[in-house]
């Protein structure tokens, strides 16, 4: 599938992705997938650009795979949010007009939200001094953004080191803090649809939810309103801190969050070894009816996959349908697919986000 931005080809490309997902899930008797499309442009809420010197000036640049010495200079980026496209020329004019901002600048990162927040990270091959900080303060004020300066071993924050997102799920607005440098869903509109699908698939439950790989609480917040109690795990300290803030900010008080990997939690549930991070949490007090997983591209490792088998319901969000199919193959003797969906997080690429609800046979 072409990675070229061409809205006229969008519908055909989405149909091809849906056909591929049907093909991968057909051996498991999957129902027809729900298909959630993306805006055709301005859908990507974050972007990262290297800078390239040409004509005595630094320009935004991207590179084709395997061609890191052949820059493609760009002035706008139609797949990025309108806020990013509005900021790009203003930021470029600012560094071109101020040597304190321009000197040894090599990379720019944007993070925006559907709520209108924006953060810009400027990366340098030099130490950041007071003159840079003064220029960055003025820049932040003029552009109405937070500015993060990064150089080797140092980070300078002008404003906040996070952006704020608001997402509407089933009639309720959830507020999320998205830290600089941490993972966030890039396509906000599709993320909102994906959360709505997961919320509906979860259903109203009177038992408990186990969530693996919870990140900043993207799914945790809405799903917690559908369960009695939630035990959520995440390994990234930055994401854990953001998730704890987001739970408190949204008044969600039925979630315990622990910094464990999925593999470590498997050991804890199987009573292989105790974990200090689980002190005060009685795993046997939970009545888990559903496990929610959103693993990395490699999918669930075999032990985690076996762990999920003990649950009546498995709600699985996947960024790689190939490994999703491999995991389902491991589970198909005990679970069947009740519903499935395609979420077009990454238009004009071959990448697919999908979801399945597996229930015990």
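Using N, Cα and C of the backbone, Cβ positions are placed for all residues, glycine too.
According to its DSSP assignment, residue 234 (S-adenosyl-L-methionine binding site) is coil. For residue 234 (S-adenosyl-L-methionine binding site), the Cβ neighbour count at a 10 Å cut-off comes to 26, with all displayed protein chains included. Swiss-Prot lists 185, 213, 218, 234, 294 with the feature S-adenosyl-L-methionine binding site, giving sequence analysis as the kind of evidence.
Annotation comment: Swiss-Prot describes 319 as active site, nucleophile, evidence class sequence analysis. All protein chains included, residue 319 (active site, nucleophile) registers 18 other Cβ atoms within 10 Å of its own Cβ. The secondary structure of residue 319 (active site, nucleophile), as reduced to three states from DSSP, is coil rather than helix or strand.
Other Cβ atoms within 10 Å of the Cβ of residue 353 (active site, proton acceptor) number 23 in total over all chains. For 353, the entry in Swiss-Prot reads active site, proton acceptor, with the evidence type sequence analysis.
Figure note: comparing Cβ neighbours within 10 Å for the binding-site residues 185, 218, the maximum is reached by 218.
Residue 213 (S-adenosyl-L-methionine binding site) has a Cβ environment of 21 other Cβ atoms inside 10 Å. Counted within 10 Å of its Cβ, the other Cβ atoms near residue 294 (S-adenosyl-L-methionine binding site) come to 20, all protein chains included.
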